[in-house]
Amino acid sequence: MGTQFDFPGGIHPPDNKLRSLQTPIRQAPLPDRLTVPLRQHRGDPGRVVVAVGDHVLTGQPLSEGQPGRSVPVHAPTSGTITAIKSHEVPHASGLEETCILIEADGRDQWYKLAPCPDSASTAERYDHLHRTGVVGLGGAGFPTRDKLQSAEAAPDVLILNGAECEPYITADQALMRERPDSVVAGALALWRLVGAGRCLIGIEDNKPDAIEALRQSAEGTSVEIRVVATRYPSGGERQLIQLLTGLEVPSGGLPADVGVLCQNVATAVAVDRSLRLGEPVIQRITTLTGEALARPGNIEARIGTPLDHLLFEAGLDPQRLHRLIMGGPLMGFDLTTTGLPLIKTANCLIAGTAGEFPDPPVPQPCIRCGLCEQACPVDLLPQQLYWFASAGEHRKAEHFDLFDCIECGACDWVCPSHLPLTEYYRHSKGVLRQEQKEQAEADHARQRFEERQARLEREQAEREERRRARQQAREQRHNVAPAEASEAATAAATSPTAPGPDRETLIQRRDQARQKVEEAQAQLAEAREQTPEAVPKLERALNKHQKRLDAAEKALSDAQEDT
């Protein structure tokens, strides 16, 4: 079992997980059309490498990574690119992202996959994971390569997160229950990759079927199955690390700072399939649940599948649908339309009825009961953060460790005044991040301005130096010019005169010039009859040749007088 540790706070909401665990994982039928957002992770979108009209194969790259946290996306099935345009995506902001629309051909013909060679270095394996689009599948969507590279040295402990503590969500539980060998294979692949000292799989005790399946699959390996008490949010990265190791990630720090690397169990499976098979992330298991669904369960669907396609497969009753939630009821967000695509981080879709998710009561003033402080798993002061955030004093909230808040919603759950505390914290974080972004842009602009000013001053100094050098050169020439002129005059007086052209040469030049004049006169006469537009040009040519003839005749005349 191992030593059990604890973290502060936490709550015990109804888990509502049984509804979606009554049937095995189902395979979603391929839709006719798919919409693939370029950004399905924390970071920037990749660069599109296909064009409208292209025919693509299943698993073929649609984009490529760029510098920064940019992860490629791949074709979820074979078909034709019909558009590359902005499209609404599942996000709390409701904003649009650039998406690639594919008309499926129904053949699901695969692109040639390239497994990672056994001889590949660690860096090459990381790059392979990046090329196959592996990101955190637990909901955060952090690029896996970047997370693995965050540790400067091999971690002491590798933790696979199978806690899945939020109510309603059972995608990871279904994966561990039905495909435990894949989870253990993923754990071993990650363990070999990062070279950790130990490998633990953390799982809550409300998943006995998954626990038993994992223990059987891990038998004969050194992977440890560690069971923790059910409490929300034990599946939070920092909370699970604290539960399993007793180590607390410092404020503003990373798990790597305490020698720990944490990955979701589904991410580990994706890592194994990427390295061993070369398979990109083009599908995932998603929980479909809620009382508005006649056939809830866990469904494995291709990325880009329309949500209304999945809800139809789950038997959605539109008349009973009151709230559609992406994610869990505590950390998820409401969707206003079903015409959105499935993305890599979509672990759950809840179709709730009015009885299941009634409209929240009108918020009342804070009564300073302190329940939010008791529930906070990060040991913050939620009430104080609320006062600062609601008053617009975001810097003060930051000084009270606002960014350590994991937005788990535990404080919202226990608040008797029904205050949307987490929304205040998110807003305050957003304001601070925007200020940081604007400050960074201003600093960058100032740096560019200062660099430009320095360059202009440097160029001005160089021009001034060249001007002084030219002035000095002119002065030196002025000082030596009289002496040089005297020497030149003396040399001219004592040197024999260079012989000029002889009489025959001058006659030859005159005759050639006369011939040119005659030819020009003939061309001009012809042009005046046939091509009047060429007359001005030929007149200029005749004038030029006549001047040369006059000069040749004068030179000959002067030579005859000298003789």
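Think of each number as a place in line: the chain as shown, counted from 1.
Cβ from N, Cα, C; glycine included.
Your range for region 'Disordered', going by TrEMBL and the list 24-43, 204-223, 304-323, 544-563, is 544-563. In the record from TrEMBL, residues CYS366, CYS369, CYS372 bind [4Fe-4S] cluster 1; the candidate from CYS348, CYS405, CYS408, CYS415 listed for the same site is CYS415. Taking the Cβ of CYS372 ([4Fe-4S] cluster 1 binding site) as reference, residues of its chain lying under 8 Å away and at least six apart in sequence are, in sequence order, PRO382, GLN383, TYR386, ALA410, CYS411, VAL414, CYS415, LEU421.
Taking each Cβ in turn and tallying the other Cβ atoms within 10 Å, the top scorer among the binding-site residues CYS366, CYS369, CYS376, CYS411, CYS415 is CYS411. Residues 501, 503, 506-507, 509-510, 512-514, 516-517, 520 of the same chain lie 6 or more positions beyond the ends of the compositional bias 'Basic and acidic residues' (544-556) yet place their CB under 8 Å from a CB of it. Cα to Cα, CYS408 ([4Fe-4S] cluster 2 binding site) and CYS369 ([4Fe-4S] cluster 1 binding site) are separated by 20 Å. Summary: among the binding-site residues (CYS405, CYS408), the fewest other C-beta atoms within 10 A of the C-beta are counted at CYS405. Excluding CYS366, CYS369, CYS372, CYS415 themselves, the residues of that chain whose CB lies within 8 A of the CB mean position for the [4Fe-4S] cluster 1 site are, in sequence, ILE367, ARG368, GLY370, LEU371, PRO382, GLN383, TYR386, CYS411, VAL414, PRO416, SER417, LEU419, LEU421. A Cβ within 8 Å of the Cβ centre of CYS376, CYS405, CYS408, CYS411, the residues given for [4Fe-4S] cluster 2, is found for these other residues of the same chain: GLY9, CYS372, ALA375, PRO377, VAL378, LEU380, PRO382, ILE406, GLU407, GLY409, ALA410, LEU421, THR422, TYR425.
The separation of CYS366 ([4Fe-4S] cluster 1 binding site) from CYS376 ([4Fe-4S] cluster 2 binding site), Cα to Cα, is 16 Å.
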